[in-house]
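Right, one structure below, let's go through it.
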Amino acid sequence: MPRTPHLLAIQSHVVFGHAGNAAAVFPMQRIGINVWPLNTVQFSNHTQYGRWTGQVLPPEQIPALVDGIAGIGELGNCDAVLSGYLGSAAQGRAILDVVARIKQANPRALYLCDPVMGHPEKGCIVAPEVSDFLLEEAAAVADYLCPNQLELDSFCDRQPNSLADCVEMARSLLARGPRAILVKHLNYPGKAGDTFEMLLVAADQAWHLQRPLLAFPRQPVGVGDLASGLFLSRLLVGDDLRNAFEFTGAAVHEVLLETQACGSYELELVRAQDRIAHPRLKFEARSLAM
């Protein structure tokens with residue numbers, strides 16, 4: 001019987017709704033991953049409601065919790081680390097120490113960094129020190145980096161004028177160390193207004209994926225967290241880059257279709273769970289010239 005992969009997911013959590021680990025853990029489990037959730041913040045709900053309660057995990061608790069896992073002899077069984085929303089740069093540095101420790105215990109372990117830098121207009125606030133940490137430190141350690149367009153622009157200190165520019169910008173990040181860059185949401189001049197586009201760039205390959213853009217009165221939160229978790233999970237169960245990319249695009253769209261059909265603001269993960277594991281749809285990733 002094949003071994004079930006184990007993944008340490010270090011990101012935010014909400015008690016109500018779906019963002020951070022609350023958006024990613026259950027879908028990753030439905031893919032067949034044993035997920036170890038470690039919550040960098042625990043809030044009552046996501047911040048786009050405009051009000052919330054909760055607290056940030058003290059940075060020293062991150063290595064302390066990992067010490068506990070090591071103490072029972074399980075650290076070497078960790079196959080991957082996923083990091084997302086950070087409450088502070090100190091948390092980020094603690095995570096990089098954990099990644100180094102896990103890679104020492106299991107040299108084949110992967111690290112995917114979802115570099116959440118915030119979007120004040122949408123109510124997502126991230127301290128400037130966190131953005132600096134992601135730009136200057138985390139990108140050099142990550143095996144996979146999964147920015148959205150705003151985060152890609154920040155990494156490259158420029159904005160694209162075309163899809164070709166987006167490819168060039170993502171490719172420039174490979175020089176910092178990652179194996180591949182997944183741009184979870186593209187936005188550039190000339191992009192079709194009725195499509196949602198994603199980009200995956202590796203050393204000698206690039207793929208572009210388009211799917212229909214679904215309309216919502218208020219855009220659901222947690223879609224990027226869901227995408228990052230699904231992409232890493234599919235790599236862990238044996239997909240190559242292109243198949244993991246296509247699966248991610250399809251499964252996320254299935255969740256959004258269910259969410260739209262229900263008229264929900266929060267992602268309908270439970271109702272869509274079978275379609276997450278086995279998407280009915282497929283969106284072909286088009287190979288791009290490098």
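A Cβ is built for glycine as well, from the same backbone N, Cα and C atoms used for every other residue.
Swiss-Prot has this to say about the protein:
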BINDING   Ser12, Thr47, Gln48, Asp225  substrate binding site
BINDING   Asp114, Glu151, Lys184, Arg211, Pro212, Leu213, Leu214  ATP binding site
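With a 10 A radius on its CB, Thr47 (substrate binding site) counts 20 other CB atoms from all the protein chains.
DSSP gives Arg211 (ATP binding site) a strand state. Under the three-state DSSP scheme, Asp114 (ATP binding site) falls in the coil class. Counting neighbouring Cβ atoms within 10 Å of each of the binding-site residues (Lys184, Arg211), the lowest count belongs to Arg211. Of the listed binding-site residues Ser12, Gln48, the Cβ environment within 10 Å is emptiest of other Cβ atoms at Gln48. Gln48 (substrate binding site) sits 19 Å from Glu151 (ATP binding site), taking the CA atoms of both as reference points.
The local packing around Glu151 (ATP binding site), expressed as other Cβ atoms within 10 Å of its Cβ over all shown chains, amounts to 24. For the pair Pro212 (ATP binding site) and Asp225 (substrate binding site), the C-alpha distance works out to 19 angstrom. Comparing C-alpha positions, Leu213 (ATP binding site) sits nearest to Asp225 among the binding-site residues Ser12, Thr47, Asp225. In this structure, the CA atom of Thr47 (substrate binding site) is 18 Å away from the CA atom of Asp114 (ATP binding site). For Pro212 (ATP binding site), the Cβ neighbour count at a 10 Å cut-off comes to 13, with all displayed protein chains included.
Taking a C-beta cut-off of under 8 angstroms and a sequence separation of 6 or more, Asp114 (ATP binding site) has the following same-chain neighbours: Gln11, Leu82, Ser83, Gly84, Tyr85, Cys146, Pro147, Gly224, Asp225, Ser228. The two recorded residues, Leu214 (ATP binding site) and Ser12 (substrate binding site), show a Cα separation of 26 Å.
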